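Trainee: So Swiss-Prot lists the following for this protein:
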DNA_BIND  25-64  DNA-binding region
BINDING   99, 100, 101, 102, 103, 104  NAD(+) binding site
């Protein structure tokens, strides 16, 4: 069975969000197996590596419509290709970043984002010491230049790393300027029109979960 006839495209908008969160884990694990020279991988193998039930992995992979071989599993190259395509990692999505503080600066320095289909092409801030400079080759403009740069770059994704007190204001500006998706790193739950995609990634919320679990384990 060749890679071409193993892969069938499917609409990712119908996939449950927990599944979408797990698929990149499978992809990373399968890439590691490829580096070790593996040609085939089964759900059971992946399960042992990432501690997720094999039946759940098989169910998740059914959404991307790749067929495996009985007693052999999935062809590694085919599985990598279909997962990267399904998750949108094969297409480069340009983005603007708003707020070049410690977190924003770290994201600008993270060249690894491009391996997952995201390229931050410009950043915006109001700090005079930052405006007009570059970080990791990425230009930093004044926030007032956003609309002009939208026309120049044609970006549809905004990465939000501003202070919480201006998160909604900057979001409103982004949406009014044509941004269609917001990756929100602030702990503020921004409000957007229904047609705007928002992905909330609050580091502080994850810290709270970790601390709570740690305290619970210590009590036991």
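Placement of Cβ uses the backbone N, Cα and C atoms for every residue, glycine included.
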Trainee: Could you say which of the binding-site residues 99, 101 has its Cβ with the most other Cβ atoms inside 10 Å?
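Mentor: Going through 99, 101 one by one, the largest Cβ count within 10 Å is at 99.
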Trainee: Taking the mean position of the Cβ atoms of 99, 100, 101, 102, 103, 104 as the NAD(+) site, which residues outside that list, in the same chain, have a Cβ no more than 8 Å away, listed in sequence order?
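Mentor: Filtered neighbour residues, in order: 105, 106, 107, 125, 161, 162.
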Trainee: Minimum Cβ neighbour count within 10 Å among the binding-site residues 100, 103: which residue?
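Mentor: Lowest Cβ count within 10 Å among the binding-site residues (100, 103) is 103.
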Trainee: Give me the count of other Cβ atoms within 10 A of the Cβ belonging to residue 102 (NAD(+) binding site).
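Mentor: Residue 102 (NAD(+) binding site) is surrounded by 8 other Cβ atoms within 10 Å.
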Trainee: Cβ-Cβ under 8 Å from residue 104 (NAD(+) binding site), same chain, 6 or more residues apart: which ones?
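Mentor: When sequence neighbours closer than 6 are ignored, residue 104 (NAD(+) binding site) has 97, 98, 123, 125, 159, 161, 162 within Cβ distance under 8 Å.
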Trainee: Using DSSP reduced to three states, classify residue 99 (NAD(+) binding site) as helix, strand or coil.
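Mentor: The residue in question, residue 99 (NAD(+) binding site), is coil (DSSP, three-state).
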